[in-house]
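Notes to accompany the following structure.
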Ligand code: CTP
Ligand code: MG
């Protein structure tokens with residue numbers, strides 16, 4: 001156990017020493033798995049994500065201290081210096097008292113939290129801290145009671161109905177000025193099921209703030225199933241699909257044995273340059289059965305892969321005469337039609353062009369507008385060079401890498 005730095009003014013005592021009798025797993029409840037991680041581990045997520053670093057005390061069953069410490073360390077990550085682990089007592093109140101005994105002298109606000117409320121949102125912790133600081137009083141989260149509540153006799157007969165407008169189902173974390181909690185625990189005679197009752201028993205006011213249904217306590221097997229369900233992805237949620245496409249074309253001048261294109265002379269095989277749906281006057285063209293528009297082709301591949309419809313080669317054929325010299329728009333329009341026929345729409349497309357020529361920046365906006373117009377969805381294009389390395393660095397050709405997001409309609 002490492003010593004917390006003496007700067008924390010907030011402490012969170014996480015009580016996890018109960019036996020979990022009502023859950024009936026034959027082991028301490030805090031160590032039972034909830035969606036692949038222990039209840040204790042999940043309950044610590046918000047504790048170590050607080051705005052300000054808090055001293056954290058985990059109160060665990062005496063026979064599982066090492067395990068609790070490991071879970072705490074894993075959850076704390078870089079904040080592990082703020083962690084202390086100690087053995088609990090026979091009752092919840094006793095367990096809290098043992099945690100309280102370990103607080104640093106700098107701590108002025110104390111939160112007590114049930115590990116069993118494993119899905120409590122971070123915002124609830126922050127709200128409790130803020131309320132205690134602003135009011136100087138204890139603050140506990142509570143929810144209105146929606147069931148009709150009856151008082152019963154010991155034999156299970158219904159007696160009178162309790163006015164539920166006066167009731168609140170309270171949760172944790174419960175926060176208090178440290179002095180009040182210390183005072184209440186020092187005076188404690190009777191056992192209470194929460195800390196607010198103990199603090200109120202010595203005459204201090206405690207405010208109720210808005211709780212969150214997610215902070216429910218995992219007590220019974222039904223509660224555990226409910227928690228498992230909350231952690232499942234939203235039923236019916238259909239994720240969009242991503243795809244990737246890469247295309248390279250050599251400058252026609254390279255394949256015809258001419259000099260490396262200067263970009264100024266319009267040399268090479270006299271092939272015009274078409275790239276990103278634009279004609280580039282005065283630039284050396286790219287080779288290919290079609291017009292060699294690597295940007296358009298990479299986009300087609302990205303769209304087809306996102307939709308699971310194969311790739312541009314298998315779709316259009318690399319030597320089909322009808323595509324001889326065809327511009328990128330032809331391929332993009334047909335790809336879009338195929339996606340539509342399969343029930344997909346395009347979310348967006350991003351492309352990076354790699355090459356020395358043409359100088360892309362001056363016409364980026366124009367190219368984006370043309371391709372966006374063809375696809376009816378945002379297309380963004382960036383361009384880069386490779387510091388003289390490789391075939392793109394030697395100005396022998398270009399590469400385009402595209403990603404696409406498509407979604408089912
Ligand atoms: N707790 C504790 N020490 C105890 C008893 C309870 O630290 N001697 C903790 C539990 O680990 C739990 C919280 O207090 O996080 C609320 O208690 P409860 O839900 O009653 O848990 P258990 O006592 O473990 O469950 P059961 O009453 O069903 O045995
Ligand atoms: Mg209990």
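Here the Cβ of each residue, glycine as well, is placed from N, Cα and C on the backbone.
Per TrEMBL, region '2-C-methyl-D-erythritol 4-phosphate cytidylyltransferase' is recorded for 1-240.
According to DSSP, residue 22 (site 'Transition state stabilizer') sits in a coil region rather than a helix or strand. With a cut-off of 8 Å between CB atoms and residues at least 6 apart in sequence, the same chain places 219, 220 near residue 22 (site 'Transition state stabilizer'), listed in sequence order. Sequence annotations record features per position, and here TrEMBL assigns site 'Transition state stabilizer' to 22 (among others).
For residue 29 (site 'Transition state stabilizer'), the count of additional Cβ atoms within 10 Å of its Cβ stands at 27 [all protein chains shown]. Residues or ranges marked as site 'Transition state stabilizer' by TrEMBL: 29 (among others).
Residue 164 (site 'Positions MEP for the nucleophilic attack') carries a helical DSSP state (H, G or I). Long-range Cβ neighbours of residue 164 (site 'Positions MEP for the nucleophilic attack') (same chain, at least 6 residues apart, Cβ-Cβ under 8 Å): 144, 145, 146, 147, 148, 149. As annotated by TrEMBL, site 'Positions MEP for the nucleophilic attack' applies to 164 (among others).
Classification of residue 217 (site 'Positions MEP for the nucleophilic attack') by DSSP places it in coil, neither helical nor stranded. In sequence order, 114, 116, 117, 171, 223 are the residues of the chain that are 6 or more apart from residue 217 (site 'Positions MEP for the nucleophilic attack') and have a CB within less than 8 Å of its CB. Positions annotated as site 'Positions MEP for the nucleophilic attack' by TrEMBL: 217 (among others).
If you look up TrEMBL, you'll see 241-406 marked as domain '2-C-methyl-D-erythritol 2,4-cyclodiphosphate synthase'.
Mean pLDDT across the region '2-C-methyl-D-erythritol 2,4-cyclodiphosphate synthase' (241-409) comes to 90 in this model. The region '2-C-methyl-D-erythritol 2,4-cyclodiphosphate synthase' annotation in TrEMBL covers 241-409.
Annotation comment: TrEMBL describes 247, 249, 297 as divalent metal cation binding site. Under a cutoff of 8 A between CB atoms, and with a sequence separation of 6+ in the same chain, the neighbours of residue 247 (divalent metal cation binding site) are 294, 295, 297, 298, 301, 312, 399, 400.
The 4-CDP-2-C-methyl-D-erythritol 2-phosphate binding site annotation in TrEMBL covers 247, 248, 249, 289, 290, 311, 312, 313, 384, 385, 386, 387, 391, 394. Non-local contacts of residue 385 (site 'Transition state stabilizer') by the CB criterion (under 8 A, 6+ apart in sequence, same chain) comprise 354, 355, 356, 392, 393.
Taken from TrEMBL, the feature site 'Transition state stabilizer' covers 289 (among others). Residue 289 (site 'Transition state stabilizer') is surrounded by 15 other CB atoms, counting those within 10 A of its CB over all protein chains shown.
Taken from TrEMBL, the feature site 'Transition state stabilizer' applies to 385 (among others). In the three-state DSSP scheme, residue 385 (site 'Transition state stabilizer') is classed as coil.
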All-chain count of other Cβ atoms within 10 Å of residue 290 (4-CDP-2-C-methyl-D-erythritol 2-phosphate binding site): 22
Top Cα neighbour of residue 386 (4-CDP-2-C-methyl-D-erythritol 2-phosphate binding site) in the set of recorded positions 29, 249, 289: 249
Spatial neighbours, same chain, of residue 384 (4-CDP-2-C-methyl-D-erythritol 2-phosphate binding site) - Cβ under 8 Å, 6+ residues apart: 352, 353, 354
Same-chain residues at least 6 apart in sequence whose Cβ lies under 8 Å from residue 249 (divalent metal cation binding site): 286, 287, 288, 292, 293, 294, 397, 398
Inter-residue C-alpha distance, residue 289 (site 'Transition state stabilizer') and residue 391 (4-CDP-2-C-methyl-D-erythritol 2-phosphate binding site) (nearest angstrom): 20
